[in-house]
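*Asks:* My structure is below; once you've seen it, I'll send some questions.
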Amino acid sequence: MSPLGWSLLLPVALAGGAGAVLRYLVDLGVRRRYAGGPLGIFVVNVTACAALGCVAALAAAAWLDDRSGLILATGFVGGYSTLSTVAVDSAQLFRTRRRAWLALNTVGLFLVSLGVCWLSWSLVSGLPGPTG
């Protein structure tokens, strides 16, 4: 690994840990308010897609350097989002024949996440670059 690579390990790990803690808190808060399905993880992943769309647009417009983009995207958003939990939740919904929740958790999540990512990227891309 290059020296730049090694120097990124700690910031990426710390950002990933912060993202994971936020994921836990958001999931817990949503589940307490809206019990009955995996809505907390749905909210986490949709907001993660919005955040990653913003980070990608900021990086593309040169508002973020490669290092900052990597720390935010791979570290924070990577620690925050969770496809594996979606898969486990979906398998459980399938097993218990909760078809409406299963559809929301799979197809619905993908479509909403794609739309939110596109929207956030589009909105942030419309901002002037760092040079004005």
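Yeah, the Cβs are placed from backbone N, Cα and C, and that goes for glycine too.
These numbers come from a predicted model, not from an experiment.
Okay, these came from TrEMBL:
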type: BINDING; residues: G78, S81; note: Na(+) binding site
type: TRANSMEM; residues: 6-26; note: transmembrane segment
type: TRANSMEM; residues: 38-64; note: transmembrane segment
type: TRANSMEM; residues: 70-88; note: transmembrane segment
type: TRANSMEM; residues: 100-121; note: transmembrane segment
*Asks:* Excluding the flanking five residues on each side, which residues at least 6 beyond the ends of the transmembrane segment (100-121) place their CB within less than 8 Å of a CB in that stretch?
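*Replies:* Same-chain residues near the transmembrane segment (100-121) but 6 or more away: 37-38, 42, 45-47, 49-54, 56-57, 86, 89-90, 93-94.
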*Asks:* Which one is it: of the binding-site residues G78, S81, which Cβ has the fewest other Cβ atoms within 10 Å in this structure?
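*Replies:* If we count Cβ atoms within 10 Å for the binding-site residues G78, S81, the smallest count is at G78.
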*Asks:* The transmembrane segment (6-26): which same-chain residues, six or more beyond its ends, come within Cβ distance under 8 Å?
*Replies:* 40, 43-44, 47, 67, 70-72, 74-82
*Asks:* According to DSSP, does S81 (Na(+) binding site) sit in a helix, a strand, or coil?
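*Replies:* For S81 (Na(+) binding site) - judged by DSSP and reduced to three states - the answer is coil.
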